[in-house]
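Notes follow the structure.
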Amino acid sequence: MAKVTPNALPWLVLSVVVIALDQLTKYWVLTSLPEYTAIPVIEGFWNWYRTYNTGAAFSFLADAGGWQKWFFTLLAIVISGVLGWWLVKTPRRDWRTALPFALVIGGALGNVIDRQIHGHVVDFIQWHWRDYYWPAFNIADAAIVGGAIGIALFGFFPAKKK
């Protein structure tokens, strides 16, 4: 009988944590922050700034007429499904694969919830230096970017075989 190796599906708990933090912070934003008004957190660098994004990262396709809501929803669900399937195939101890996959899944589904409930994604973290402003983002976006960086880094620099 073949030895069964536990898979990495328990890492989906991290995805649930990302979704919960993302939705809780967005609830706070929607009930506490005025729209389109910078509230300094660290003067000259970091603001809370409630805004909305109907597109993807950096407002890509934000003015596309509405079809992008369904496109990005479907894309996020498909990517999350593929990454979830890979978690089934990934050994539980392989955190270098499981951690970034779980972050991307949580972030992608957090933004899907926004698109389905609000018709757009709620963004509220604004970083800037003098007159240079990074596009506003949220916890889900940070998880997606962190996961993507992890996938790239761990792909280029795999763990040494023991």
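Any Cβ shown, glycine's included, is placed from N, Cα and C.
Annotated active site per TrEMBL: D123 (among others), in sequence order. In sequence order, Y49, R50, T51, Y52, N53, P135, A136, F137, N138, D141 constitute the residues six or more apart from D123 (active site) in its chain with CB-CB distances below 8 Å. Taken residue by residue with DSSP, D123 (active site) is part of a strand.
In this structure, D141 (active site) is part of a helix by DSSP. Per TrEMBL, the feature active site maps to D141 (among others).
The transmembrane segment annotation in TrEMBL covers 70-88 (among others).
Among the features that TrEMBL reports, transmembrane segment is placed at 95-113 (among others).
According to TrEMBL, the transmembrane segment annotation covers 133-157 (among others).
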